[in-house]
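Everything below concerns the one structure shown next.
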Amino acid sequence: MVWAPLGPPRTDCLTLLHTPSKDSPKMSLEWLVAWSWSLDGLRDCIATGIQSVRDCDTTAVITVACLLVLFVWYCYHVGREQPRPYVSVNSLMQAADANGLQNGYVYCQSPECVRCTHNEGLNQKLYHNLQEYAKRYSWSGMGRIHKGIREQGRYLNSRPSIQKPEVFFLPDLPTTPYFSRDAQKHDVEVLERNFQTILCEFETLYKAFSNCSLPQGWKMNSTPSGEWFTFYLVNQGVCVPRNCRKCPRTYRLLGSLRTCIGNNVFGNACISVLSPGTVITEHYGPTNIRIRCHLGLKTPNGCELVVGGEPQCWAEGRCLLFDDSFLHAAFHEGSAEDGPRVVFMVDLWHPNVAAAERQALDFIFAPGR
């Protein structure tokens, strides 16, 4: 089909308007004929298009139409500036704010705690961080994270009470209270091979304890009974230089772990000490993207970890892996003569979080972001 102009050339129009002559009636007639020819061509084009659609197979037309509708729907949901309205982490914990309870149990009041701090507009902030990451890098592989942030309130509200991460839930991850050693075999073997190294550095640190004061670098955590101390090398993704200098070999060891979380707020590495008679009440961790690893350093009788209702005991020189987004608690019911229960705790990536997702989560949950 040959394209036809919808009107006479511009010069003819100008001549017709501004240069009256005896040929004006003839030019007007030519102009009308040209328009008539153009409309005939347009009508023929439309008729041809309609006939082409009629000649197509009805099933094929319906299929193409459905695919087009699905594509438009997908673009709408992916391209929205803001996620659907949902309950923020802050509002999930608002009811507990007045009396210091979390899921019916005491929680810490530390302003630095990513799990217990009430962060206004957290979900919107996470979505903004994800969009910023995608602009810099790619949306490829971000489906689960995008889904998790968009539907966070629904996920957290609909989770069974046995597993309810307080900050971020990544959907479609296999769930189990305890993991086998093979889940992160390399890192487990590295830690267990260096058991004596870590134990020696702990014993040097522990000599500074006295009945009258808490040694520098140690933190005392809130418990209903007993005493729970922690000595952080990495605290919520941030290295603690003063403490690392006191445990140089243990700190260097962290660098040899392949799956250690060290660049986002869900990553920690510390020595955890429970004195006899201590009870850590049931609580949930902040996320399901990590595995918490405990390497037993000193494990007297009467000590127990309960995750998702399943009890386990620590063993010296052995790693115990669990998902702390499950409801969990710890006890030291031994006597004063038994001494403290001591573990080296480090957070590892859940084995089913892909490499691209790990990079994005490090960006989204970077300390201070």
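Using the three backbone atoms N, Cα and C, a Cβ is placed for every residue, glycine included.
If you look up Swiss-Prot, you'll see 1-58 marked as topological domain 'Cytoplasmic'. Residues or ranges marked as transmembrane segment by Swiss-Prot: 59-79. Under the heading topological domain 'Lumenal', Swiss-Prot lists 80-369, citing sequence analysis as support. What Swiss-Prot records for ASN211 is N-linked glycosylation site, and it gives sequence analysis as the kind of evidence. Among the features that Swiss-Prot reports, 2-oxoglutarate binding site is placed at TRP228, SER272, ARG292, CYS293, HIS294, ARG341. Summarising the annotation, Swiss-Prot assigns Fe cation binding site to HIS283, HIS328 and lists similarity to another entry as the type of evidence.
Neighbour counts were taken as the number of other C-beta atoms within 10 angstroms of each residue's C-beta; across the binding-site residues ARG292, HIS294, HIS328, ARG341, the minimum falls on ARG292. Geometry remark: ARG292 (2-oxoglutarate binding site) versus HIS328 (Fe cation binding site), CA distance 12 Å. Geometry remark: CYS293 (2-oxoglutarate binding site) versus HIS328 (Fe cation binding site), CA distance 14 Å.
Across the structure, HIS294 (2-oxoglutarate binding site) and HIS283 (Fe cation binding site) place their CA atoms 17 angstrom apart. The maximum pairwise C-alpha distance among TRP228, SER272, ARG292, CYS293, HIS294, ARG341, the residues recorded as binding 2-oxoglutarate, is 18 Å. Rounded to a whole number, the C-alpha distance linking HIS283 (Fe cation binding site) with SER272 (2-oxoglutarate binding site) is 17 angstrom.
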